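Sequence annotations record features per position, and here TrEMBL assigns substrate binding site to Arg31, Gln32, Ala33, Gly34, Arg35, Asp81, Tyr160, Ser215, His331. The domain 'Uroporphyrinogen decarboxylase (URO-D)' annotation in TrEMBL covers 26-35. Annotation source TrEMBL lists site 'Transition state stabilizer' at Asp81.
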Amino acid sequence: MERSELPAPAKPLLRALTGEAVWPPPAWLMRQAGRYLPEYRDIRARAGDFITLCTTPELAAEVTLQPIRRFGMEGAILFSDILMVPWALGQPLRFAEGEGPLLEPLRSAEAIAALNPSAIVERVAPILETVARVRAGLATEAPRTTLIGFAGGCFTVACYMLEGRGSKEFAAARGLAYADPALFGRLIRTLQEATVEYLVAQVEAGAEALMLFDSWAGMLSPGQFRRWVIEPTASITRALRRRCPGVPLIGFPRLAGPLLADYAARAGVDATAMDTAMDPRWAAQAVPPGMALQGNLDPLALVAGGAALEAEARSILAAMRGRPYVFNLGHGIVPQTPPEHVTALMRLLRSA
Ligand code: CP3
C-alpha cells in the first residue's frame, strides 16, 4: 500500500475523548485564544468590537489558530462565545469594555415565546465559515490538532438571557425556575433545540469534537441541577448521537461538586470536565475508569508559573495517570497570564 493510502492515525485528543489512556495526555486550555496574547490584541483592535470579531471568519479563524502556532496544543477551540446563541435567536447583545456581556433581558412570557430556534443556522453562517476555515488551516499547519466546536449549556445561557448580564446569583433565572417551571422549561427547550441545530451545523462545517460549557450549573440545588442541567444535556446528547454519531462531546458542569458523578453517569457525555475546585483524585474514583476526564489546573497557578505551577500540574497528572484524560485548566485562562508560562506548561506536559 502507498503511504498516502494508510489511514491517518486518530488524533491524540480524539483518542483520549473516546476512552483511550493516551500518555502524555493531549492538552488544550479554555480561553486559549484571548487577551493574554499580543497577537490576539492586535486582531481584536483591528476588528473593533467583539461580536464583529466573532462574525468575521477570516479574523476569527486567525485568532483560533494563534495559540496552536505558538504552543502546539492538541485541541483548537473555535473562537466564538456561548452568547452567540441568544444573539442568533434575536436577543440584542453587546460586549461593553470592562463590563462583559450585556443582553436586553427577557422580561415576559411573550418575549420567551417569540424566540425562534429554526432561524439559528442561517444567523450563525459566518461562525460556520470560521469552523471550515480553521479545519482547513489545521490540516496544513497542525494535522495532529483536533477542532473543538462548542455551545453554552442551556441553564447557563438561560441565566444570561434572563438576567441580561453576569451576576453573582443569577436570581432572575433561578427564581423563575421555581416560580414558573413551565415557562422556564419553555426557554430551556428552545435553547435545547437551538443548541442541537447549532452543534450539528458546526460538525457539518468541520468540528471534530464538541463541548458544552455550563458555567453556572453549580449554583443549583441537587433537584434543580438534575432537572435543568442533567436532563437538558441528556436530551442534547441523545440528538447528537443520532445526528452526528462518533463525534465526542465534553460536558463542563462547573462547580457541580459531588453532583459531577451523577452528571457523568446520566448526561450522556463522552468526557466530563473538572473545574478548579474539584479534587481530581475524588473524580478519578467517582467517574467510571473508561470515561475521559478533563481539567483542572487553577488558571492562577498558570499566572504564578515556576514551582507552584509545576507542583499543581504534577499533582493533577498523578491523579489522572492510567485513565483517558485531557489536560486543561479548571476555568478560562486570565488576561494577565504570561505567555511564556504556557510554553513552560506545554513543555512539562510533553515530558509527563
Ligand atoms: O479560546 C476559547 O476558549 C474560545 C472562545 C470562547 C470565548 N468565550 C471567547 C471570549 C469560549 C469557549 C467562551 C465561552 C464563554 N463565554 C463562557 C463559558 C466559559 C466560562 O468562561 O465560564 C461564558 C460564561 C462566556 C460569556 C462571556 N464572554 C463573558 C462573561 C465574557 C466577559 C468576560 C471576559 O473575559 O471578558 C465574555 C467575553 C469573551 N469571550 C472574551 C473572549 C476572548 C473577551 C472579549 C475581549 O476580547 O474583549
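Keep in mind that glycine also has a Cβ here, set from the backbone N, Cα and C atoms.
Note that the coordinates shown come from a computational prediction; the quantities given were computed from them, not determined experimentally.
Outside the domain 'Uroporphyrinogen decarboxylase (URO-D)' (26-35), and at least 6 residues removed from its termini, the chain residues within Cβ reach (under 8 Å) are 11-13, 15-16, 41, 44, 63-64, 66-67, 71, 73-77, 79, 146, 148, 302, 326-329, 331-333, 335, 342, 346, 349. Sequence-distant neighbours of His331 (substrate binding site) (same chain, 6+ apart, CB under 8 A from its CB) are Met30, Arg254, Asp275, Thr276, Pro299.
In this structure, the binding-site residues Arg31, Arg35 were compared by how many other Cβ atoms lie within 10 Å of their Cβ, and the smallest count belongs to Arg35.
With a cut-off of under 6 Å between the Cβ and any atom of ligand 1, the recorded positions Arg31, Ala33, Asp81, Tyr160 reduce to Arg31, Ala33, Asp81. Assigned with DSSP, the residues of the domain 'Uroporphyrinogen decarboxylase (URO-D)' (26-35) fall into helix, strand and coil as follows: 0 helix, 1 strand, 9 coil.
Summarising the environment of Ala33 (substrate binding site), the number of other Cβ atoms within 10 Å of its Cβ, over all protein chains shown, is 23.
The recorded positions under consideration are Asp81, Tyr160. Their Cβ neighbour counts within 10 Å are lowest for Asp81. A Cα-Cα distance of 10 Å separates Arg31 (substrate binding site) from Asp81 (site 'Transition state stabilizer').
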